[in-house]
Each structure stands twice: as structure tokens, then as C-alpha cells.
């Protein structure tokens, strides 16, 4: 008996699955706090050199703001910008003796030194940031970006670890373990004494947070029926956008970074409530030969759905297991099978480029909202909110116009908007155009997960998704470094993001359309799939003249150790 038959019998998306997806939706909301949190934790604020106490001016007759301005005017070098405003140096001050206090030394003076007495920070927007607490300014100003690269390295390590752990001890135990570890590591981050400890704890949090994502997406795909998996996955994607928006509100209310870090860590405690209803995957139990436990969970699902489990299910599962053992063993597949044959190699390389680019551009735009010339909190909130219609729009056009042409459009439009942004002055107009680019790239991010599942043949589908996501993690590590290079030429990051998105869109024209076609199962199927129709724009049916849902093609069980955070396909049991 096939596992898909069991799901169809008990209800592929009944009351039980809907309640479970809702619970998983709530669990996914906190992790985005940490994915995007450094936008506020390491926010750039105005700063200037502090002067020794002996050289402070007497402010007894002045208001605080006036005193601060007077102190800066004679101790800090400045330039006059195009609008006639003073722009004070952030990293230098005038050389003065104690007897110079009270004189105005700012005019025609060239005798300056670097900030030897620390810095003063503008607290009008942020009460404290890691930049202030750990002195991450001037010659250390690039360290927060490197910390973000370390975060993405943590995600990469997590993808190696938690897939194997999930196969070994199960989805439920792995989920519980990762929630405990993330709760501890993210909370400890609020109290770290230095930047090294901060970066180390962020790395650990990223690695464990990845495990939460992986277990949630896999469990959802293994309990929800094939026709509903795309919809369920889209709903879970929306949770990331909701978390993004909530983060902006929390950052607006909590202006001190340690308070904010603690506030975005404590919600993980509420996640423990979901553990009560978080089941073990029946599919995983069946593959491990634990048929009694699997049968018990299937019967529970059927009861909540108002249906009944198949008769003599336990006996049927046991008999199928005996038959499977009589079948000849399958030749193992490896990552090399992705590039062994020419057509499959072409599609694999293009998908790797697509994953690399979409991850880089998405996080590049998300981490640079403060550079749009509008309020940081508003820009971040809108940037998260726009992902909700983006995901829903992606879901609609994929099923209406097909996969390939919509992905091409998302990439090209996203790239064009990034390039247009370069020529627009800071302000609301620039933010609006950049957000249109974010809309398109967010849609491409959701799109590429589903499209890749449909292109890779069944036998190497999990391996293909896993390697594609590894490539994306590399671009995540590089993304903050690209943003750093913007200090040498401001348009550089947007040029890289826009240009690479357009290139990815053009390359995607060489991918085959998958909607309406039976999906490939074997390596040979994957090699033949799409030959001669790479530039075909219309959507055709299968051999029977019907549009076949791509998510209905069966796939043999493959271990999570070869996967990334992407839903599995149906298996035979």
C-alpha cells in the first residue's frame, strides 16, 4: 500500500492537517527575528570622537543639545555638504591641549588624530547598538557585516547536521532539540560581553534555527497530501513575512539592542507549547519499520478528520515491508549524477545560478533597508509586508501561466528595479522602487523551491535540492561582503544584485516548462526531460492530454541528510 493511498484514505488535507499547518505557521514566526535582526542590532548611527574629560567645555549655561553641538564644533573636523549642513568626522578629532578648551579650533586646522578617547553616539533613534557597545566603528566598522556572513555559515553547517539527525532520531525529537538549543543560544546572546562571543552565539543560533525550519517543512510535506503541498508550503513562507513585520514593531518599541535581542528570543519559549501537538512523521516511522507507532498516528489523524484508517493497516504495512526486502537493492546515487549527463548538467548548473542569485539579492535588499533614505522601521516593516502579496501572487501566476516564464519575469523585473534604484535620490521614491524589486525577488525565492523540485528527477531530487541550497548558502556568506564594498562605490551592491538577477532570468529561459508534464523519475528521464522545448512558452498536457499536477509524481524515500529545508515528495511504503 502506497503512503499516498493512506493519506487519501484518511484525508489528505483534513482538519488535523489544517490545525497542524496553523501550529507550524506560529512556530516559524520567531526565526525571522534573528535572520533579519541585525538590521536593528547593528544599525548605523551618527558617531564622533569623544574628548578627554579635561578638554570638555563648560556647559552650565547651555541645553544638552546645544552643549553637544558646541563641543563638536571646536573639537571635531567637519565639512559643509551640498545642502549647507555640517558633516562631522566620525573617526578624527582635533589635537588640543587642556589650555585650548574654549577656543574654536575648527577653522583652518589640519592637526588631527584618530579617536583616542572613544566615541559619542547619537541616541535620537537607537539607545544602544552592538556598534556602540563593542566599538564597531571606524577601522572596525566592517565587523558587523562579517558577523552576518558568519550567521550564513551557521546556516550552512546546520544544513549538514540536522538532516542526518532528523533521519537518525526522527522529526519530532530533532525539532524539540533544535528549539531547546535555539532558545538557549539566542537568549545568551543578549548578555554576551564582547563581539567575539556575540558572533559565536549568532553562529550557533543560525545552525540550530535551520533545524527548526527543516523539520517543519519536512513534517508538513509528509503529512499533507500531494495536491495540497504547494499551498501548505506557501502558507509557511508567509510566516516568515509576518515575523519580519513583527520584528520591525519590536525594534521600534525597544531601542536598546540587548532588550531587543531578549525580546526576539523569548518567543521560542512559547514554541514548547507546540511540542504537545507536534507528531512524529508516519512516513519516517514506516521507513524505520516502526509500524505500530505509525498506525497509531494515522488512526489519530483519521479520527480528527472524521474518517477511518484503512482496515488491517498494520498487517498491510508489514506485508509490504516483506515484499520490499525481496526487491533487488537500488544502485546508490550521488551528487555526481546531477552533472553526469549533458542536458541534466545544463539544468543543474542553471538552477545553481538561480539559487545563488535569489538568495544573494533577497538578503542584500533585506539587510540594506536603512540605506533607502526613509525611516528604518517603516522601511523594514514594508519590506516584510510586501512578501505576503508577493508569495500569493507567485502562487497564482505559477498555476496560471506556468513555471519557466514566470520565474524569468520575476528575475528580470527584480534586476531592472534594482538598477533603476541607483539613479533615484534617497527618499520615498527610491524606497518604493527598491521594494518593487524586493516584491519580484521574494516571488522568485518562493518560486525556485517548487520549480527545482519539478525539474530534478525523482531518484536525485533530494540531492539536487540539497546541493542547490548549499550554493545559496555560499551567496549568503558573500552578500554582506558585497554590501561592504559599497563604501568604495555606492552603486556597486545594486549593480551586482540587479545585473546578476537579469543574468539569472536570461539563463532560466533555457529551463523546460514543467507545469502540465509528468515529472521525470530516473536519471534517463531527467536527461530526456525538456529536450527540444527549452524556449517553449506555452503549457502542454501530458500524454493523456491532461494537465498533471507535478506534486503527484511518486518518489522513493531519500534520507534528510541529502536534503535542505525543502518539502519531500510522496514515497512508496
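All positions are counted from 1 along the displayed chain.
Placement of Cβ uses the backbone N, Cα and C atoms for every residue, glycine included.
Keep in mind the model is a prediction, meaning the values are calculated, not measured.
Looking at 323-343, 491-511, 512-532, the range annotated in TrEMBL as transmembrane segment turns out to be 491-511. The stretch that TrEMBL tags with transmembrane segment, taken from the ranges 349-365, 366-382, 383-399, is 349-365.
The stretch with the most CB contacts under 8 Å to the transmembrane segment (260-278), chosen from 175-195, 201-220, 432-451, 463-485, 491-511, is 175-195. In this chain, the transmembrane segment (491-511) lies out of contact with the transmembrane segment (20-43); the count of Cβ pairs under 8 Å, excluding pairs fewer than 6 apart in sequence, is fewer than 3.
Beyond the ends of the transmembrane segment (491-511), by six or more residues, the same chain brings 346-347, 350-351, 353-354, 357-358, 360-361, 364-365, 368, 404, 407-412, 414-419, 421-422, 437, 441, 444, 451, 455, 482-483, 485, 530, 534-535 to within a C-beta distance below 8 angstroms of the stretch. Stretch with the most C-beta contacts under 8 angstroms to the transmembrane segment (201-220), considering only 175-195, 349-365, 405-426, 432-451: 175-195. Tertiary neighbourhood of the transmembrane segment (432-451): same-chain residues 230, 233-234, 237, 241, 351, 354-355, 358-359, 361-362, 365-366, 372, 382-383, 386-387, 389-391, 393-395, 398, 403-404, 406-407, 409-411, 413-418, 420-421, 424, 465, 497-498, 501, 511, 514, 566, selected by CB-CB distance under 8 Å and a gap of 6+ residues from either end.
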